[in-house]
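Pulled from TrEMBL, these are the features on record:
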DOMAIN    108-385  domain 'NADH:quinone oxidoreductase/Mrp antiporter transmembrane'
SIGNAL    1-20  signal peptide
TRANSMEM  20-41  transmembrane segment
TRANSMEM  53-76  transmembrane segment
TRANSMEM  88-105  transmembrane segment
TRANSMEM  111-131  transmembrane segment
TRANSMEM  143-162  transmembrane segment
TRANSMEM  182-204  transmembrane segment
TRANSMEM  216-240  transmembrane segment
TRANSMEM  246-266  transmembrane segment
TRANSMEM  273-292  transmembrane segment
TRANSMEM  298-319  transmembrane segment
TRANSMEM  331-348  transmembrane segment
TRANSMEM  368-395  transmembrane segment
Amino acid sequence: MLFMFIPCLWVCASLDLMKCWVYCSSSISCSLFVLSIAYFQQSMLSAVAVSSSMMKSSVGCLLISLTLWILILCFYCSAKPSSNINRFTGAFWLSGLFLILFFSVSKMSLFYFLFEVTAIPMVVLIIGWGYQPERMQASIYMLVYTVSASLPLLAFIVYSFWGFGSLSFFLHCPPHIISDSPWVFLVLVAFLVKLPVFGFHLWLPKAHSEAPVAGSMLLAGLLLKLGGFGLIRSIGWWGFSLRGPATEIIAVVSLCGGVITSLICLSQTDIKALVAYSSIGHMSLVIGGLFSATQTGWLSAGWIMLAHGLCSSGLFALVNNSYLQWGSRSVFLVKGGLSVLPSVSLWWFLLASANMACPPTLNLISEIALFCASVFLHCWFVFPAAMMVFLAAAYSLYLYTSTQHGVPATPHRSFIRPNDMMTASAMHWVPLNILALGCSSLG
């Protein structure tokens, strides 16, 4: 993990940001990766109380370190003079604070509050620094979907407190608090919307299309992990049965929806929308891993969340680079990247390869583990999972060839500091391979 720390110092030097918070965040991020990766192999539900309201868990440490890492890269990819730079920075640090607290709290009440409030900085980023007038509609979509879907969760938190008398994650609710399958679905729908599962995903492509590059990196790299982390915490606290009809229906809709969104990716002409829809397909695999009720499935779900956070964030950074270079996100206009800037095209290929789970990335290990876990859920679930893997390779190659091959359709703009883009891409791709080596050696 020392190799993850050295590029971060390189970033600091290139941006003249030799400040204490940069060193602290990068050091803490790398240290947490080192300390939590071995602990993560043991149990995703294991946790240690730090105080009356805070806890330390294996998956929480990994996601906190991912939060710090992605925030550094968001600042790096957005570094440019702006009259509103203080507000922009404040929105990001506020979002980072909410996320770190969300991954650390030990009470369901605080958990729900932070689960909802993390959407506010994202809405501010979309409205304040979005590209088009439709950014207001995208923000409304995001708020309506996430807030309305979480109201049943709030009702059941209150109901659990009345019936159980405690909201601590260390005290599991009795089975009679929630046992009926329809109510299980209503509770889980809040997390399924933020994952998001197909059918609840309409807000995500709109938010990505209107968000600035740092907002898309934050949304794909971190905010989509709230749904998966929420499922882990709620399943552990309420003690849901993962073999009931409700969870099986959710798994079927999620995996089949992942196949549908993968097909949608192949028909996209907006490269940013393509990457956004690919996130839906990848995150639907998390459902299959969690609902398999096996240690392998839960580990694969955590690995997929970590790998997707790094890979998708890097792809959005490259998409923004193409937008700045060509002034468009259309596959018909963004052409010839290999002939214009071959050094950046190399990172396009590496991250697209990671997106299709080529070795030796963490994506490959997580998907292999997921196939093994899918058999325990239902033997037929292997087929939609395999179809998603095949289609992921198809649309990843489509993304790379459509943008990097061919003859430039329009004159490209002058590209400023290509080394910055290469550095940012390396800081996304290198951890994917290092973490893959760590997971394979420990697991």
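Every residue, even glycine, has its Cβ placed from backbone N, Cα and C.
Taking residue pairs at least 6 apart in sequence, the transmembrane segment (143-162) and the transmembrane segment (273-292) share fewer than three C-beta contacts under 8 angstroms. If you look at the transmembrane segment (88-105) against the transmembrane segment (246-266), you find fewer than three C-beta pairs under 8 angstroms, all six or more positions apart, and that falls short of contact. Residues 181-182, 184-185, 188, 192, 197-199, 201, 240, 274, 277-278, 280-282, 284-285, 287-288, 291, 377-378, 381, 384-385, 387-388, 391-392, 394-395, 398 of the same chain lie 6 or more positions beyond the ends of the transmembrane segment (246-266) yet place their CB under 8 Å from a CB of it. Listed by sequence, the residues of this chain that lie at least six past the ends of the transmembrane segment (216-240) yet keep a Cβ under 8 A from its Cβ atoms are 44-45, 59-60, 63, 66-67, 70-71, 73-74, 77, 92, 95, 99, 102-103, 108, 111, 115, 118-119, 122, 125, 160, 169, 172-173, 175, 177-178, 184, 187-188, 190-196, 204, 207-208, 247, 272, 275-276, 279, 283, 286-287, 290, 298, 301-302, 305, 308-310, 312-313, 316-317, 319-320.
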